[in-house]
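Engineer: What TrEMBL lists as domain 'P-type ATPase N-terminal' is 9-75. The transmembrane segment annotation in TrEMBL covers 269-292, 312-338. What TrEMBL lists as active site, 4-aspartylphosphate intermediate is D386. For D386, K387, T388, E485, F526, K549, R583, T663, G664, D665, the entry in TrEMBL reads ATP binding site. Annotated Mg(2+) binding site per TrEMBL: D386, T388, in sequence order.
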Amino acid sequence: RDCKMERIVKANDREYNEKFQYVDNRIHTSKYSILTFLPINLFEQFQRVANAYFLCLLILQLIPEISSLTWFTTIVPLVLVITMTAVKDATDDYFRHKSDNQVNNRQSEVLIDSKLQNEKWMNVKVGDIIKLENNQFVAADLLLLSSSEPHGLCYVETAELDGETNLKVRHALSVTSELGADINRLARFDGIVVCEAPNNKLDKFMGILSWKDSKHSLNNEKIILRGCILRNTSWCFGMVIFAGPDTKLMQNSGKTKFKRTSIDRLMNALVLWIFGFLICLGIILAIGNSIWESQIGDQFRTFLFWNEGEKSSVFSGFLTFWSYIIILNTVVPISLYVSVEVIRLGHSYFINWDRKMYYSRKATPAEARTTTLNEELGQIEYIFSDKTGTLTQNIMTFKRCSINGRIYGKRHSCFLLTKKEPVDFSVKSQVDREFQFFDHNLMESIKMGDPKVHEFLRVLALCHTVMSEENSAGELIYQVQSPDEGALVTAARNFGFIFKSRTPETITIEELGTLVTYQLLAFLDFNNTRKRMSVIVRNPEGQIKLYSKGADTILFEKLHPSNEVLLSLTSDHLSEFAGEGLRTLAIAYRDLDDKYFKEWHKMLEDANAATEERDERIAGLYEEIERDLMLLGATAVEDKLQEGVIETVASLSLANIKIWVLTGDKQETAINIGYACNMLTDDMNDVFVIAGNNAVEVREELR
């Protein structure tokens with residue numbers, strides 16, 4: 001079978017897996033080894049024009065006919081320069097080796113011969129079963145088998161992979177989660193996984209586990225990647241699918257390239273010009289020598305009684321040319337390279353010592369990780385920035401909402417003029433103390449039992465991926481995958497619709513003091529193309545409901561034609577929210593009948609079991625059921641700017657740096673945030689909106 005197309009791994013069977021010659025779990029990010037250091041480093045150094053020039057010079061000086069200076073006048077500075085650079089490169093690489101060794105020698109518990117044994121990471125093999133404990137790094141790409149949490153759930157932090165600090169949930173297949181922590185049963189586990197070949201896609205995984213005569217489809221939710229950290233889970237067991245260089249983390253890290261700065265390139269160009277100047281000088285002097293030899297040299301020889309045979313004046317000029325090249329070698333500034341290296345080294349210490357780049361809250365100074373690229377920092381012309389979490393704090397607060405055509409929540413400006421009292425939630429035992437909402441009408445609508453308001457809050461409490469747990473004081477704590485979801489679930493909780501717990505089959509919420517358990521029939525997850533998520537639940541009365549939330553542009557296309565009046569009202573409200581820089585989502589629902597849902601669910605199960613075009617088929621089925629929705633309203637969440645963003649953007653603009661910010665917000669929100677953080681200013685004559693969808697349209701609009 002072709003290993004480039006797919007991978008076959010058998011659990012607890014090293015012999016079986018060895019015949020596929022999978023790599024082990026050792027990694028190396030260093031550039032050189034002891035044997036390759038000299039040849040590779042010298043090759044890189046002689047790519048510098050000055051070094052190559054001095055090497056040629058040295059060779060010329062070894063030819064006695066033209067040597068006008070002894071060879072050690074060249075070899076000493078050349079060896080000095082090369083040695084200094086080599087020592088610096090070797091030091092950089094030594095630290096890479098050190099960090100590799102530290103990672104390769106980390107310990108993990110591996111199941112060998114029915115016993116858990118401590119094993120170095122580098123000795124872990126594909127197919128091994130590993131035990132992970134809370135706050136441990138994940139050693140390789142694992143298939144999650146079981147965990148300490150109910151229903152085989154576990155939480156991982158993926159900051160090393162994608163920079164996101166919020167926790168992600170992974171869940172084991174129910175057939176393997178029954179293995180629990182029973183070492184004997186885990187040691188007898190002999191499932192075979194057939195999956196995709198190693199690749200660098202962090203958000204995709206396709207495979208099938210065959211065990212006990214049945215097949216189970218695997219997706220990204222069942223996989224924990226190397227580089228993640230296990231959080232809030234006391235232990236879990238996983239089977240190694242990809243190890244070492246095959247892991248997704250390593251597949252994403254490119255080869256260490258030899259980087260050149262613009263000053264390096266400039267110096268190379270200058271040296272070439274100087275070298276050209278030197279050649280011209282040599283040619284002029286050589287021609288002069290030839291003329292002198294042919295006209296005066298003859299008499300001079302006679303005068304010296306120098307009767308070696310006639311010497312050609314042209315050949316004499318040729319030899320003199322090379323002699324002059326050697327004599328005038330000081331024109332070429334080899335020491336320039338050394339000076340620049342020393343300056344760079346000094347600069348990197350200045351960066352490390354810089355008081356203004358010291359972050360006192362976490363006692364973190366700036367750190368220059370490489371000494372070869374420092375001066376590029378002063379020549380930055382463009383900055384490309386993300387918005388959420390970079391310009392903003394990624395801490396979301398629920399500010400306003402529109403339910404059934406009515407706005408709840410006051411505008412920003414209202415707070416300043418009148419000191420309004422926030423709604424008092426303290427009567428409820430399970431509220432979030434930090435949540436504030438400045439409009440009492442919403443509480444009144446809830447108390448009066450407005451069915452649309454109740455349904456709206458019910459969607460917020462049911463349609464999400466939040467996990468709940470109780471801390472030692474008995475308070476409800478939410479583990480959120482995205483801060484937006486956290487803000488909406490917390491808002492629903494404070495208005496009396498409290499999300500309590502979930503299992504893979506049910507979601508339990510407390511509605512105004514009454515516990516209600518909904519049967520979770522299907523979960524239609526969010527992704528960047530769908531831009532929406534939905535849950536299908538059966539309520540205690542037996543009705544099947546689809547609850548959906550997502551980007552208004554997408555959801556509004558899926559609405560039933562009867563929503564037209566409400567749609568135009570809600571659209572106006574959304575534009576108002578977006579104009580205040582708030583992040584908006586639309587909320588909708590649909591009633592489903594039993595027969596239709598059963599047929600649809602059967603098709604979904606078939607699509608999940610398919611190996612061909614699985615994703616496309618599932619997406620098609622999601623599209624089909626998420627239509628004819630009834631609009632409930634919209635939410636608006638605020639994400640505050642980071643401290644110092646405004647000043648920073650202003651300073652960067654003063655330095656004439658062009659800044660681009662990427663955002664997935666609505667256009668009005670984006671423009672508002674642009675003004676809020678000084679990206680857009682009132683001095684700008686016109687703010688362009690380019691709405692073209694292809695290169696030709698955009699070019700026309702720009703023109």
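Note that Cβ sites are derived from N, Cα and C of the backbone, with glycine treated the same way.
Unlike curated entries, TrEMBL annotations are predicted automatically.
What you see is a predicted model, and the numbers here were worked out from it, not measured in a lab.
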Engineer: I'd like the number of other C-beta atoms within 10 A of the C-beta of T388 (ATP binding site), please.
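Structural biologist: Taking every protein chain into account, the count is 18.
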Engineer: Looking only at D386, K387, T388, E485, F526, K549, R583, T663, G664, D665, which the record lists for ATP, tell me the maximum pairwise CA distance in angstrom.
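Structural biologist: Among the residues the record ties to ATP, max Cα distance equals 24 Å.
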Engineer: Compare the Cα of the residue listed as 'active site, 4-aspartylphosphate intermediate' against each of the binding-site residues F526, R583, G664 and report the nearest.
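Structural biologist: Of the binding-site residues F526, R583, G664, G664 has its Cα closest to that of the residue listed as 'active site, 4-aspartylphosphate intermediate'.
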Engineer: Of D386, F526, R583, G664, which of the recorded positions has the most Cβ neighbours inside 10 Å?
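Structural biologist: Most Cβ neighbours within 10 Å: R583.
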Engineer: Using DSSP, what's the helix, strand and coil tally for the domain 'P-type ATPase N-terminal' (9-75)?
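Structural biologist: Result for the domain 'P-type ATPase N-terminal' (9-75), in helix, strand, coil order: 34 helix, 2 strand, 31 coil.
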